[in-house]
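All remarks here apply to the structure that follows.
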C-alpha cells in the first residue's frame, strides 16, 4: 500500500496544524535513523505513547522532548495511517579531542572547561555549545590583551557517526600598554599614582612586578588600588568617573585613560558604635578609638571592622555582621563613622575532624588542637591549631573549614584539611670543589614514624676519614602535657688528618637523653644528661692540642689519650615560624649548651645560638627575605681547656657556602718533629724541623664562632603553580669566622696569622635551589668566595639531600 506521508514538524517547530482538533489515535511508533540511542530510551523521552490520541500540540511537544535529550541534531515526525514515524539524525559522537597552538592555556585546563560544558570523549557533539566555547575562549584571550587571537573548532567526520574534534588556536601577541593617563588628579602626580599599579606604560629593567602587557583583571585591581590610595588619605568623596581602553588599529597597542574626581580631604569627627555587642562594648570601643583630627582612612576602617569580627569570633560569635556607614559633612569637611554591629548567635563546637591525613594518626593532629569539642568556638584557638599543625612540618598545606551543623542553630564542626608531605628523607650529600674534589655523606630520617609523630633517625657516614653511625628517637608527647623525650646512641671513628683537619684520630661512642618542657605556645625548655667516651690516638703535636694536653696534666708529645665525660645538656627554643616546611614568615631561635658534671675527666662548657627570621615582602609570601645567624662559644673550667675536638667549625652548605666544610678559621701549627702522612698532599712538609713550629692548611677550629647569612627568596622560574610550594630559589650572601680566644701569637712563628682575631671574616655569594623531592629535601647551591684567607679551601658547587632552611 502506498505510504501516505505528511510532514508535521521540523527543527524549528514551524509546521501547520493539519489534524484538526480531534487528532488521531496512535497505534504504533516507528523510528528511523537511530544508531547509538536505544529505541527504549527514545520512547521514554517522548510524551506520546501507543494508544494516545494526539494532535498538533502533542507532536510539537514530542519534537521538543527529543531535542531536549541532546542526542539529536534533526527530528522529523511523519504520519503513516495511525502510525507515527519518527525520523532522527543523531549528533555524532566525539571520538577524540586535541588542541593545537595553545601556549597561554594548558591542555588540562581546556579539558576541564570542555567537560564542564558537556564536551568530552564519548559524548555527542553539540555544535551550538561548540560555538559558545569558541567565543568564550576568544573573550578570555581578549581579557589578557591578545586581541588578534582566534579559536576555531575543526570537526573531522569518522565512520560510524563519530568525529574528531580539534581546537586550533592562533594566540597572537599581547597588546602592550603605550600610555596610561589619569585625568582629574591635582593632589598627586600621574607618575606617583601609576607607580602603585601593576600595569605600566614603562617598566624599568629592575622592576619584576610591573607589566606592560594589558590584562583586564589587572586593570580592575589597579583601579581598586587607585581608589584605596585616595580613600586612605582622607579623600572620602573620591570617585572614578570612567575608564576608557583604546586599541591601536594593528591591535598591538593599548591606551588607558582613567577619569577621576578627587574631591576634598576629610577628617574623622568621631565613631559611634551601636547594635548587638554581645556584652563586649568596652572591648569594641577600644578598637574604635581615633585620634582627634585624624584623616579619614578607608584601610583603617576596614581593619577596624575586621578587628571587631575577630574579637567577637574569639568569644564564639562565628558569623558577626559589622557595617560602617560614613556620614559626610561637606560644610566642615568631616566624617562621622557609624558602626553597626550584630554579633549574631554564639556557636559551640560539636566535633573537630581531620581530612587528608592518610598516614598521620588522628591523635597526632588532635593533640595539637587548642580548640576543644563542646566549648564555644574561638577563632583564635582554631587558628592556633592550624599554626601548630603547620609547624609540625608533616604537611604541605593546612586549611580550616567551619561547617554549620544542619538543623542546629548554634553548633558547628571544625574541619582541618591537610595535605601530607613525605616526612622521610635520605640524607645523602655530594660536594665538589676545585681543591676538595668530591665528598659524600648519607643517612635516613623519618620525622613522622608510622604516622605516630615520633621522629626516628638512622644516620651513617662511611668515607676515607670517617665511620659514623647514630640512632635517635624522639617522642614529642611523652606526657599528655606535651613534655617530649628524646634519646640517641652513636659511634664515631674519625681520622681528622684525612679530613683536612689537624692530625689525630678519635674513636668515640656515647648516648644522651633529653626532656623538653613546653612553657607556652612558642617557647620550650630542654634539659638532659649525656655520656661520651673519647679515645684519641695518632696525635701529632700542634699548639692548640698541646695547650689542651698540658691543662689535663699530659705531656705535649703524648700520642694517645682517653677521656670519659658526663654532661648536663640544656636548651631553649622559640619557634614562631608560620610552618615547619619551607617557612615564609616568623622567627626561630634555638639556644643549646652543655657543661661537664662531676665524674668527668674534662671540665668545660659550650653554648650555641641559632636564629632565623623570615620576612615576606608581598602578600602572597612568594618574595621572602631570610636572615640567619649562628653563634658559638666554649671554654674550659677549673684551669682546664675545652677539648680541641669540641671546637667550632665553619664552612660548607649549612654555614658559609662556597667554602669546603669545616675549613674556615685557625689552622694547625705543628710542633718540632711532627710527621704528616706521606700520602697527605695538603701540607707542605713531611716533618717539622723548625723549633718554633710549622704552619699548615689543616683546620683546627676554634672555641668561638660567628656566622651570618642574608637570603632573598624568589619564585622559581618555569615552575608551575602545582609545584610552587615544593621548590624554592634564593640568592644569598654568607659570612662567618672562627677564632681561638686562648691563642697566643707569641707562641707561633711570625708567618702565622693571629688566630685570636675575630675580624678575619670570610664572605661568599651565590644562588641556591631547594626542592622537596620524594627522596627528601634536595639543596643545590653555587657560591663564589669573594673574601678568603691563606689556607681556606673553596668548594663552589654543593649538593645535599636532607637539609633545608
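Residue numbering: from 1, along the chain as shown.
Glycine is no exception: its Cβ is also placed from the backbone N, Cα and C atoms.
Residues annotated as domain 'POTRA 1' in Swiss-Prot: 24-91. Under DSSP, the residues of the domain 'POTRA 1' (24-91) split into helix, strand and coil as follows: 19 helix, 26 strand, 23 coil.
Across the range of the domain 'POTRA 2' (92-172), the DSSP-based residue counts are 27 helix, 27 strand, 27 coil. Sequence annotations record features per position, and here Swiss-Prot assigns domain 'POTRA 2' to 92-172 based on sequence analysis.
What Swiss-Prot records for 175-263 is domain 'POTRA 3', and it gives sequence analysis as the kind of evidence.
Sequence annotations record features per position, and here Swiss-Prot assigns domain 'POTRA 4' to 266-344.
What Swiss-Prot records for 347-421 is domain 'POTRA 5'. Helix, strand and coil residue tallies for the domain 'POTRA 5' (347-421), in that order: 19 helix, 29 strand, 27 coil [DSSP].
Sequence annotations record features per position, and here Swiss-Prot assigns signal peptide to 1-20.
Summarised as a single figure, the pLDDT of the domain 'POTRA 1' (24-91) averages 87.
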